[in-house]
Amino acid sequence: FRNVESKSCCPNTTGRNIYNTCRLGGGSRERCASLSGCKIISASTCPSDYPKFYCTLGCQSSKCASITTPPNSEVDAEAVRCKAACSNLCDFGVTTNQEIQDD
């Protein structure tokens, strides 16, 4: 067996704190990453799409979730436009305080 050092990549300090608390409580890396929004990585840097993913997810859940979408309606088109706007917003100027830590 090869020993692979794993690291956790968290989107921000809150995610890091949740991850660490979970791990201290005996949670597995995978479970704690799932709860905290962190990722388990073997590289020394977070994946390049990581900040965009969380930006888009947060934007869509906070701004687009309230749009009700009956099938084949104009409201459905509004939801699509909202999601596209979030994606465009997050494509430019996304900066986060990602935290990487050895596990």
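Keep in mind that glycine also has a Cβ here, set from the backbone N, Cα and C atoms.
Straight from Swiss-Prot, the features:
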type: SIGNAL; residues: 1-6; note: signal peptide
type: DISULFID; residues: C9-C46; note: disulfide bond
type: DISULFID; residues: C10-C38; note: disulfide bond
type: DISULFID; residues: C22-C32; note: disulfide bond
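Overlay of Swiss-Prot feature records on the structure.
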| residue | record | Cβ neighbours (10 Å) |
| --- | --- | --- |
| C9 | disulfide bond | 23 |
| C10 | disulfide bond | 25 |
| C22 | disulfide bond | 19 |
| C32 | disulfide bond | 22 |
| C38 | disulfide bond | 28 |
| C46 | disulfide bond | 20 |
One should report the C-alpha separation between C38 (disulfide bond) and C32 (disulfide bond), rounded to whole angstrom, as 8
Between the Cα atoms of C10 (disulfide bond) and C46 (disulfide bond), what distance do you get, rounded to the nearest Å?
8
Alpha-carbon distance [C32 (disulfide bond); C9 (disulfide bond)] in Å
12
